[in-house]
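**Q** Dumping what TrEMBL says about this protein:
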- A:127-422: domain 'NADH:quinone oxidoreductase/Mrp antiporter transmembrane' (DOMAIN)
- A:32-53: transmembrane segment (TRANSMEM)
- A:65-97: transmembrane segment (TRANSMEM)
- A:109-126: transmembrane segment (TRANSMEM)
- A:132-150: transmembrane segment (TRANSMEM)
- A:204-230: transmembrane segment (TRANSMEM)
- A:242-260: transmembrane segment (TRANSMEM)
- A:280-298: transmembrane segment (TRANSMEM)
- A:305-325: transmembrane segment (TRANSMEM)
- A:331-352: transmembrane segment (TRANSMEM)
- A:372-392: transmembrane segment (TRANSMEM)
- A:412-441: transmembrane segment (TRANSMEM)
- A:461-483: transmembrane segment (TRANSMEM)
Amino acid sequence: MLLETFLPVLWPLLSAIVVLLAKSAGFKWQRAISFLAVFVLVVINANSLMVAFDLPPQVYALGNWVAPFGIVMVLDQLSATMVLLTSLLALAAMWFAVRQQVDQQGSHFHVLFQIQLFGLNGAFMTGDVFNLFVFFEVLLLASYGLLLHGGGRLKTRAGLHYVALNLVGSTLFLFAVGALYGILGTLNLADMAVKVANLSADDQGVVAAAGLMLLLVFGIKAAMFPLYLWLPQAYANTSAPVAALFAIMTKVGIYAIIRIHGTLFGDQAGDLSAIHIPWVLWLGIITLVLAALGALASRNLREQVAYVVLASISTLLIGVGIHSQEAMAATLFYLIHSTLIAGAMFLIADLIRQGRGEAEDNFIKAHAMPNAVLMGGIFMVAAIAMAGLPPLSGFMGKLLVLSAALDHADFFWILAAVLVSSLLLIIALARAGSLLFYNVLPKEQCHTVDGKPVCEAPKSLNIKGVSSIIGLLSVAIILVIWANHFHQLTRSIATQVFDQNLYQQQVLQVETIANPHKELVQ
Amino acid sequence: MEWLISIAIGIMTAAGVILTLRARTFPVVLGLTLLAYAVNVFLFTMGRLNSGIPAVINDVQTQYTDPLPQALVLTAIVIAFGMTAFLIVLALKARSELGNDHVDGIHLAKDEESLKETVPPRQASQSAGGKF
């Protein structure tokens with residue numbers, strides 16, 4: 001029983017309570033405590049990651065109830081990587097929010113932020129399907145609050161769609177969990193995998209249906225075709241740090257597919273083995289094509305970034321759908337890259353929107369923005385990384401995914417989808433960059449925005465917090481320089497993901513703490 | 001008893017789906033509530049239907065019903081209530097900010113006409129600020 005197995009979940013909850021209590025002490029205190037808490041969380045999660053790479057999966061039994069009867073938290077290499085990734089992204093988003101004063105636009109930003117981290121870390125570390133549902137609800141409720149933070153018509157409309165859709169998703173989740181419990185009689189993931197292996201032929205249909213219903217639920221979270229339409233609206237209309245943090249939210253869906261479906265329908269499952277794989281692969285390919293077209297058709301930068309992020313998610317789905325250890329390693333490599341760069345992309349889009357005054361980030365001719373060289377420079381780096389051009393890590397990730405797909409039967413379609421969509425994304429981002437930075441109006445000329453003439457560009461641009469963008473973008477360079485090292489790490493994670501026996505053994509053989517007062521109780 | 005409960009769940013789910021697909025926020029809230037009820041009853045029945053058998057172990061009883069679904073339902077009910085309350089507040093906020101209770105906000109020509117007659121103060125001040 002190690003501290004590392006529950007501290008990543010417990011710490012944000014405690015910080016949220018402290019931040020809430022600090023309200024009476026003033027906003028500055030709330031802000032300082034919250035930022036410090038995220039920083040400490042990064043350290044805690046980095047430590048957990050090291051533990052996860054040293055030891056086999058570690059299990060924490062809540063309330064000393066052993067699996068499969070109690071709820072367990074599982075720290076393995078995959079969950080440790082995901083929590084560390086979350087906290088790194090959160091640190092950058094928080095720094096940007098503090099420097100740009102976004103957190104002052106409404107109340108309780110920091111409390112919601114910490115609760116969001118609590119929900120995310122919990123969802124990554126839980127070993128129980130119903131507990132996954134509970135953590136999903138925690139992170140969703142916090143995300144509703146963050147999405148609507150600051151208010152405004154468009155935010156409210158996007159938020160209403162987002163909330164209603166996710167409530168339908170939650171209902172489907174419960175239906176699937178109920179059906180699985182009705183047949184398997186357990187909700188512990190490792191125990192469910194054991195039960196699926198010994199399933200009678202009559203019950204296989206129900207378990208398959210429930211499993212695919214779960215895929216639908218995770219598809220909503222991961223924005224998989226045809227369930228992606230909420231994403232561009234929601235991400236384009238919320239504030240930049242929140243959108244950046246939401247880059248990890250879609251990855252929760254991917255993670256859940258890897259974890260739940262990978263374990264439930266693993267090699268041991270007989271006829272049910274890998275039944276979700278063709279769905280994930282083909283829906284991923286369709287999503288990728290539609291995301292690339294959506295990026296071309298976008299009318300403003302933030303919407304385009306949302307579609308570019310959607311493209312990266314669908315590349316991940318394709319990687320999962322190829323279904324091999326090599327592909328899983330490539331997918332995880334691309335996941336680390338795309339999460340952090342997508343976060344940077346949303347922050348850049350917000351700064352560009354501020355710099356263009358009334359024209360905002362719409363793709364129309366406007367006056368040159370202040371700090372155009374700096375903004376254009378980081379936009380170019382981010383666009384190269386996001387579209388997957390060499391020499392940055394997006395190229396590396398896509399190359400790894402494609403090389404892992406070489407032996408796959410549908411290699412042609414995977415190759416065609418990834419390469420054509422990459423080309424379309426490059427065209428879309430190049431068009432955006434040239435429109436925003438090169439195609440500028442002369443100083444004396446006016447342009448019209450919503451029927452009103454605008455003759456002046458903003459004099460200055462508040463670039464405070466740009467360091468968090470640069471920090472996130474530097475990951476694209478670090479991932480390339482130590483690509484071999486990182487690929488070895490993701491390979492190790494992939495090996496552990498596919499090693500079902502080890503996971504089941506660790507979870508089901510966890511020992512409880514001996515009670516020293518046992519005699520007294522009896 | 002089984003067929004009665006299954007029919008009840010089916011009707012509630014169907015009604016919930018139909019209401020959720022409506023374009024106004026109030027039917028959507030009602031639909032999601034019905035769906036939540038349906039799923040709660042569904043979860044409850046997944047422990048198999050028994051009547052008159054306790055879920056808590058004691059010395060007298062020899063037969064027990066499965067207590068786990070009851071614990072699950074309890075959690076699910078609490079979460080569903082919380083979420084529904086949030087959705088109602090959000091729907092009210094959307095009604096006041098978007099001008100009507102359509103889930104997409106203002107989009108009918110008639111709504112826009114009626115809005116012109118009763119312009120909210122915030123929009124009026126904005127348009128005035130643009131002119132001067």
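Cβ from N, Cα, C; glycine included.
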**Q** Any chance you could find the range in A:65-97, A:305-325, A:372-392, A:412-441 with the most Cβ pairs under 8 Å to the transmembrane segment (A:242-260)?
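**A** Of the candidates A:65-97, A:305-325, A:372-392, A:412-441, A:65-97 scores highest.
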**Q** Below 8 angstroms Cβ to Cβ, which residues of this chain, lying six or more residues outside the transmembrane segment (A:331-352), approach it?
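**A** Distant contacts of the transmembrane segment (A:331-352): 78, 81, 85, 88-89, 92-93, 96, 100, 235, 239-241, 243-245, 247-248, 251, 254, 301-302, 305, 308-309, 312-313, 315-316, 319-320, 361, 369, 375, 378-379, 382, 385-386, 393-394, 396-398, 400-401, 436, 461, 463, 465-466, 468-469, 472-473, 475-476, 479, 486-487, 490, 493-494.
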**Q** Under 8 Å between C-beta atoms and at least six residues away from its ends: which parts of the chain pack against the transmembrane segment (A:32-53)?
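**A** Same-chain residues near the transmembrane segment (A:32-53) but 6 or more away: 2, 4-5, 7-8, 11-12, 15, 18-19, 22, 75-77, 79-81, 83-84, 86-88, 90-91, 94-95, 98, 110, 113-114, 117, 121, 489, 492.
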